Amino acid sequence: MSWHPQYRSSKFRHVYGKAASKEKCYDCVPITHNVHDNHFCAVNPYFIAVVTECAGGGAFLVIPIHQTGKLDPHYPRICGHKGNVLDIKWNPFNDFVIASCSEDATVKIWDIPKHLLTRNITTPKKELLGHVRRVGLIEWHPTANNILFSSGYDYKIMIWNLDSKDAVISNPVKILDIHKDVVLSMSFNTDGSLLATACRDRKIRLIDPRAGAVLQEASYKSHKVNKVLFLGNMEKLFSTGTSRWNNRQIALWDQNDLSMPLLEEDLDGSSGLLFPFYDSDTHMLYVVGKGDGNIRYYEISPEKPYLNYLMEYRSHLPQKGIGMMPKRGLDVSSCEIFRFYKLIPTKNLIEPISMIVPRRSESYQEDIYPMTTGAQPALTAGEWLNGVNKGPVLVSLRPGSGDMNSLPQFFEPELVAEMPGLSQNQGEGEEIPADKTQNPSEIADGRRQMKLEEKSLEKEQTCLTNGFDVFERPPPKTESELLQVLYRQQDEIRRLQELINQRDIQIKQLQLELRNVYMDTGRY
């Protein structure tokens, strides 16, 4: 067992899990009974997708995230596969594109309409044909746009470039034929330059995917690995599996030396798989048990004891699969730092579970929400394939920042007020010193920023399509929901006031710059 200090200072030591109320769950969802060890659920800020039971092929549901309650039994499905769907993943840079893989040995890319589905979708946007046996895993590249990895029961990992205009792609850009058995798990490091895999031959491999070379290989016999995960930029790997005595086990590895684990700990004697999730912003690790209702969470530190146990969320309802909301979809007003979507097939229910940091203040808590991964790619597919590495594009979760939808970044009002030549005390008749004036190209950039901001506001106001708005929440039913709506409206008013202040400051800046330009031309 790992050593847990009796007293330890941490802002996350009191994090607790809170299950959603019945009316905020998704009821009557026919969750798949497939025994494949995958999540069977994928979530983004607009939709929740879940693999469902289907006769005569494979299908999955895509439900608007705010459409909670009972699901219509005739709700349309995405049902183009000829075999059971084994994995689904949303494109991290496009919330309306999802990939799926199936027992029919194909990978399909689907466009999800922004309006409410009215009929089944059977024709994919793209179809990827390359595997000769069923495809069990798919992963999008974390920083490069339109790069998808797929792993099949032919023991091969294929890399696909979706920038191709062809509807059917038969030639992957790279085939990694380095495994001797089925790949059970894939995980990327932060910039996507390295790939870690867990294989049924009990080995963890660290791979350079572009070169197709194995950099490190772990063949530690007392740990039978099932899932492996990169721990952000800490140069460590985390794995879950079973011990020699078939106890569920977790292990921590040094990325540069996989000969022996840094830490090894038996959890319990249950037989279900353990799904690991890591939040690189808070350095918190979540371990979700399949077949039970428990979620254990830890805090990772760079020095010993590395793994610090925090607490455990317990429920009597066992989960078959689990989905995770990206950070940009969390409710920062309630200090939510993580959100799971728990699949409960015994009740045909999807239950959201929020991990919350208890705070008294209702204001934005900047210390628990650092800059996080946004929805904008850092690289094109061609750049990554040519050897370029870049970390993810970071955004702020502060309400009203406008960064979460990959919009251009603007100065915060406090920062603008502190810039040279922009103090609130300057009158219109005062001149900005010549060494602090901006050149015409910078003035043009400022104008372009204002135009982009106006377009983004117009886009927010015109998000209704075909009479249904996927961004709109259902009307409040209780007093607490009514208060939440009021708080959201107050936040929106404050955001608009900040935008107005920014615009006033930018106008004043441009006026002063124009006046200086006229005075300079008059001198000569």
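Each position is counted from 1, following the chain as shown.
Even glycines carry a Cβ here, placed using N, Cα and C.
TrEMBL: automatically predicted annotations, no manual curation.
Across the domain 'DUF1899' (5-69), DSSP classifies residues as 3 helix, 24 strand, 38 coil. Annotation comment: TrEMBL describes 5-69 as domain 'DUF1899'.
The repeat 'WD' annotation in TrEMBL covers 78-112 (among others). Under 8 Å from some Cβ of the repeat 'WD' (78-112) lie the Cβ atoms of residues 32, 34, 36, 38-47, 49, 51, 54, 57-62, 120-129, 131-140, 142, 145, 148, 150, 152, 160, 162, 326, 373, 375-377, 406, all in the same chain and six or more residues away from its ends.
Per TrEMBL, the feature repeat 'WD' maps to 128-170 (among others). The average pLDDT for the repeat 'WD' (128-170) in the predicted structure is 95.
In terms of DSSP helix, strand and coil, the repeat 'WD' (176-217) has 0 helix, 22 strand, 20 coil. TrEMBL lists 176-217 (among others) with the feature repeat 'WD'.
Marked as region 'Disordered' by TrEMBL: 423-443.
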